[in-house]
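If you check TrEMBL, you get these features:
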REGION    1-43  region 'Disordered'
COMPBIAS  21-34  compositional bias 'Basic and acidic residues'
TRANSMEM  141-162  transmembrane segment
TRANSMEM  174-200  transmembrane segment
TRANSMEM  221-244  transmembrane segment
TRANSMEM  320-341  transmembrane segment
TRANSMEM  361-389  transmembrane segment
TRANSMEM  446-464  transmembrane segment
ACT_SITE  H460  active site
TRANSMEM  470-489  transmembrane segment
TRANSMEM  501-520  transmembrane segment
Amino acid sequence: MAGEDCVRKRQSGSTTTFRTPENEETQRIPESERSFQNSSNGRVDVDHVITRKMQLIAEAEQLKPAFMKEVDSHFTEFVNSLVAKSALLDSSSSASFPSSCSEKELHKAKTLRAPPEHGKIFTARRSLLDELFEVSHIRTIYHMFIALLIVFILSTLLVDFIDEGRLVLGFDLLVFVFGKLPVVFCTWLCMFSAAVIVPYNLFVWWAQGYSSSSHRTIHSLFYGMLFTLFQTAGLGFGPTYIAISYTLPPASRFIVILEQVRLIMKAHSFVRENVPRVLSSVKDKSSTVPIPRISQYLYFLFAPTLIYRDSYPRNPSIRWGYVATKFAQVLGSLFYAYYIFVRLCIPQFPNSSQEAFNLRGLVLCIFNSILPGVLIFFLVFFAFLHCWLNAFAEMLRFADRMFYKDWWNSTSYANYYRTWNVVVHDWLYYYAYRDFLWFFGKKSKAAAMLSVFAISAAVHEYVLIICFGFFYPVLFSLFMCFGMVFNFILNDRRKGPIWNVIMWTSLFLGQGVIICLYSQEWYARQSCPAENRMFLDYLKPRSWSCHMKM
């Protein structure tokens, strides 16, 4: 018996001290999972699986915002630090860069747009929408706009079929607004040829004779006057005269006038960027005069930028499929705008000139015009600032595609003006705002900002005056009145989401005002032509008095 007891003790001891890997793994499993594995007589408890899965998903969703916020903050700090060090590197006169920067230097570099002596820095980067369209959620919004275009097309075809008893596939409106294209092409060819030959040769002659001239001031004034005369008479008056004298339709006038403004701005940038280089070389008594090659200037005239550089970041190859896609999107946007006008604008405005003016009618007109106005606003941005500029950038292998920033996230009008059209904003900042401060002193920032607003508003209004054929300063008033007020009220200190809502609300109302008032004036001038064409007839709004003559 004692032996048997001893054997039993050894067996029980061995069973308690010896652990197989299976036993250890079983002990590691939580009690809830062991109960789950043993439940239902060894069969899988489906309800428990689903509950456990939902718990894990809920925990992951709780962790995701914190994780993404942490990753975003670290990534933002890394990129800002990299950009800051790059700015300090470009602005430093020495060839070496310190291995570490102080926080004060990094903060100072972050606030700089670019080194003052170098101006805008070009770097290889993609357009923001190209990056966003890789996200399926953003791409779905793009698909929704395509679906809306299909709805417009179906609506137009069905209404025409019901009214006419057949499908009407004519595009009379497009044919009208883009009429006289041969005149447009000849005008553009003359403008472009003059912009290639005259500014470049005037600069070369001035630069070659400046160092050896005994009267450098007179020499510079002479060539400066010739260049100013060419800008105002050659590129300024000539195309405007052709657009008016040949009575070009609205879209054809837009092509001529916008190309006129673009070439004037490019010629100014070329001279503005290269004259200081010549003056610096003469001051340093250099043996060579830095004159760009004609090929560099020609590339700049086609490049989607208004800031001249001898060279730009270039991509290694051209993606012709990408180019074809962008031009197809431009064409699609053009037809989109056509159907917006046909379905939403033309049925509303022809009879408005026959109605007496009243506040209720004006309010209804503005709010009914918000939808077409906003759609046209989006189409102009997408077709020109994204598709058109990216297509030319791809063909030229131009690598810096930051033609706009995330203006839709703006909580202030100051940020919106900086991010909506980066191409034009850079020109205004470097050649209007900063040159104004250089000439009048850095204490005149408010006056400099006001001058930039005035220049921008005047050019926008000039384009509309020539293209529509009448003076009706709606856009100028919005720019100089509401635009200036909102620029100071909705400034960069406004960061909350409510300010983004306010900005979008004001943009929507502004688009409604523009579409309503300009359309009313256009149709009023068609319904009530001037009896005696005098200069005052172009200045007096016809929509205010047209109903009295009906």
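Cβ atoms are placed via backbone N, Cα and C, with glycine included.
Note: TrEMBL annotation is automatic and uncurated.
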Considering the transmembrane segment (320-341), which listed stretch of 174-200, 446-464, 470-489 counts the most C-beta pairs under 8 Å: 174-200
Beyond the flanks of the transmembrane segment (446-464) by at least 6 residues, Cβ under 8 Å: 254, 257-258, 261, 424, 428-429, 432-433, 436-437, 440, 472-473, 475-476, 479-480, 483-484, 487, 518
Intrachain neighbours beyond the transmembrane segment (141-162), with Cβ under 8 angstroms and 6 or more residues off its ends: 133, 168, 332, 335-336, 339-340, 342-343, 378
Intrachain C-beta neighbours of H460 (active site), sequence separation six or more, cut-off 8 angstroms: L475, F476, F479
Interface check, the transmembrane segment (361-389) with the transmembrane segment (501-520), three or more C-beta pairs under 8 A: yes
Beyond the flanks of the transmembrane segment (470-489) by at least 6 residues, Cβ under 8 Å: 413-414, 417, 449-450, 453-454, 456-458, 460-461, 464, 503, 506, 510, 513-514, 517-518, 521-522, 525, 538-539, 541-542
